[in-house]
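Participant: Feature table excerpt (Swiss-Prot):
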type     : residues        : note
BINDING  : 8, 10, 164, 287 : Zn(2+) binding site
BINDING  : 23, 164, 287    : 2,6-dihydroxybenzoate binding site
ACT_SITE : 287             : active site
């Protein structure tokens with residue numbers, strides 16, 4: 001399929017590059033560094049070869065979210081966004097941008113999002129999970145009350161917010177002790193991000209801000225296949241504390257969330273996602289450079305779904321969500 005839009009596609013700046021070192025074998029690190037720092041060469045050639053018209057680029061993980069010093073987090077976020085704006089300006093026909101945000105400081109994050117959207121032309125934000133602040137030992141999740149004004153501005157700006165994974169903090173990772181192969185994208189990423197998303201749903205955030213659009217990668221971090229059970233079991237909870245939100249989890253998932261195919265190239269999983277959340281809320285992505293563009297594109301081009309759904313997932317859903325056709 002030609003003309004695809006891909007939107008979980010990462011880059012790095014020198015200050016954040018090392019954050020990605022632990023996710024690949026040592027002998028692949030040199031190649032990954034090249035892939036993360038390159039935007040205008042290898043990346044574009046692969047896009048051309050595999051029918052990707054547009055990439056929406058975002059900073060690698062955890063980057064800004066793992067900088068406990070507020071001032072430093074603000075500085076790195078701003079620098080990354082400025083670098084990305086310069087790169088996108090070289091090929092505005094091919095590249096768009098997600099803002100990195102220093103959510104250690106909700107006010108600063110709000111100001112940076114405003115700057116990126118209003119002044120730099122960014123189409124949304126991608127944030128790498130919870131933020132660390134102060135001593136770095138307490139994860140800040142975005143259902144907390146101090147983030148409500150930030151979410152109000154996201155809704156006002158009418159741009160999507162991509163909640164990208166990161167590993168849990170060491171003190172919250174004891175279940176993985178002795179089992180490091182379960183950390184990262186194998187399992188811990190999905191578990192951490194799914195719980196964060198469920199906290200957002202349960203908090204009443206989407207009752208207050210019903211026009212928010214949240215994106216989850218990796219075919220929804222496992223959530224599409226659990227929503228019925230989550231609601232079914234919560235229906236049995238008759239005693240307080242009940243979760244604060246007014247509606248079922250499934251209602252928020254179906255109305256406020258979108259999912260991407262990033263790093264999860266399995267036809268059966270895609271078909272199940274279509275049945276659960278609908279083809280209108282699924283978006284093609286590759287997860288470059290941690291996955292290969294050819295693997296993602298070759299699978300998607302041939303996967304056994306209706307051609308109308310392929311066009312939606314591969315192109316038109318993203319163009320509508322990000323208003324790329326002036327909508």
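One-based numbering along the chain as shown.
Cβ coordinates are placed from backbone N, Cα and C, and glycine is handled just like the others.
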Participant: Around the 2,6-dihydroxybenzoate site recorded as 23, 164, 287, what other same-chain residues have a C-beta within 8 angstroms of the site's C-beta center?
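Facilitator: For the 2,6-dihydroxybenzoate site, the extra neighbours are 8, 10, 60, 61, 165, 185, 189, 217, 262, 263, 290.
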Participant: I need the neighbours of the Zn(2+) site defined by 8, 10, 164, 287. Which other residues of that chain put their C-beta within 8 angstroms of the C-beta centroid, in sequence order?
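Facilitator: Counting only non-site residues, the set is 9, 58, 61, 126, 217, 262, 263, 285, 288, 290.
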Participant: Expressed to the nearest Å, what is the distance separating residue 8 (Zn(2+) binding site) and residue 23 (2,6-dihydroxybenzoate binding site) at their Cα atoms?
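Facilitator: Approximately 16 Å lies between the Cα of residue 8 (Zn(2+) binding site) and that of residue 23 (2,6-dihydroxybenzoate binding site).
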Participant: Are there any residues at least 6 positions away along the chain from residue 10 (Zn(2+) binding site) with a Cβ closer than 8 Å to its Cβ? List them or say none.
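Facilitator: Residue 10 (Zn(2+) binding site) has long-range Cβ partners 36, 57, 58, 59, 60, 61, 287, 288, 289, 290.
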Participant: Quick one: largest C-alpha distance among 23, 164, 287, binding 2,6-dihydroxybenzoate per the record, in angstrom?
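Facilitator: So the binding residues stretch over 15 Å, Cα to Cα.
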Participant: Let me know the DSSP-derived helix, strand or coil state of residue 287 (Zn(2+) binding site), please.
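Facilitator: DSSP assigns residue 287 (Zn(2+) binding site) to coil.
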Participant: Given the binding-site residues 8, 287, which one has the fewest other C-beta atoms within 10 angstroms of its C-beta?
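Facilitator: Minimum Cβ neighbour count within 10 Å, taken over the binding-site residues 8, 287, occurs at 287.
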Participant: Looking only at DSSP and grouping its letters into three states, which state does residue 23 (2,6-dihydroxybenzoate binding site) belong to?
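Facilitator: The residue in question, residue 23 (2,6-dihydroxybenzoate binding site), is helix (DSSP, three-state).
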